[in-house]
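Worksheet: the structure to be examined is printed underneath.
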Amino acid sequence: MTIAHRLQPDTRATRERRQFDIIAAIARADAGLMIPPEKAPMVFARITKRIRQLGLADAEQYCALVLGSDGTSERRHLISALTTNVTGFFRERHHFDFLRRQILPDIVPRAKRGERIRIWSAGCSSGPEPYSIAMVLLDAFQDARDYDIRILATDIDAEVLDVARAGRYGIEQLAPLPDGYQKRFLRAPHTDGPGCPPEVAPELKQLVRFKELNLLAPWPMRGTFDLIFCRNVVIYFDQDTQMDLWSRFAGACKTGGHLFLGHSERLPQTFHGAFRPVATTTYLRTPASPPEQPPRKES
Ligand SMILES: C[S@@+](CC[C@H](N)C(=O)[O-])C[C@H]1O[C@@H](n2cnc3c(N)ncnc32)[C@H](O)[C@@H]1O
């Protein structure tokens, strides 16, 4: 609690502000998420559900829980509640067109020659992004599974990863699939029953590995990636976290590999020595090493 907090009378508004500050500080420290005060109603709406599930009285008790020594596992649920998981099949379709037209004609022969091809969907949410990549890949390269090609799909949120692994999606979510893809890449659900959604085909699941990973934590992956999709993720991070990530992505991407960002994300000019823009929010990893990071601002 800050001195300013202690000096204020304990009205409902000050209590709520204090609770919001606690939650926002955890979101920033644990996941790099920046939550501005105007998002307080959204934060309370999301934690209210969790408070009910846990049988707690109010947000005050919830804050005591997450701050307490037993709060570690609850903090994971909290981060899960606070993340924005909006996603979609073939979202920002121009990236998939670029993949099909500009990248696969190079990657397919390399894979056929026995090269190891690695693709990373960082912040994959419930799976449409890595499955869309897998669909385009299999469409261009039917035997992809017989070669050393894998798509790693990671997210901090264990709940969305469960949805991703199950690979079952509602009809509306599947609407953006290109012509013929529904028939080719979806299967009738294993379980019978009306309203049971279709499931992505096993050939897609075999190409994609889902893993829980906080982008702020050390990355356990060995080797570099040919393609990194990190779209609509860093937009929720503060400036220092973004700068750290650009530098780490430069280290994780092969020379000649590509980095894809979301529509409102841009790599700062200081990183254009390491990544050259080649299409909308699409960057080519050049041989230059990543630039020195500017000094961090004191917070
Ligand atoms: C808006 S979704 C984007 C999904 C997908 N990339 C797309 O563009 O459709 C953002 C995802 O980033 C994940 N995320 C947020 N903070 C993260 C972190 N620190 N580490 C890993 N994933 C994180 C969230 O859980 C969420 O699923």
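Cβ from N, Cα, C; glycine included.
Pulled from TrEMBL:
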{"type": "DOMAIN", "residues": "8-288", "note": "domain 'CheR-type methyltransferase'"}
{"type": "BINDING", "residues": "ASN85, THR87, ARG91, GLU129, ASP155, ASN214, LEU215, ARG231, ASN232", "note": "S-adenosyl-L-methionine binding site"}
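Least crowded of the binding-site residues (ASN85, ARG91, ASP155, LEU215, ASN232), judged by neighbouring Cβ atoms within 10 Å of its own Cβ: ASN85. If you average pLDDT over the domain 'CheR-type methyltransferase' (8-288) in this model, you get 95.
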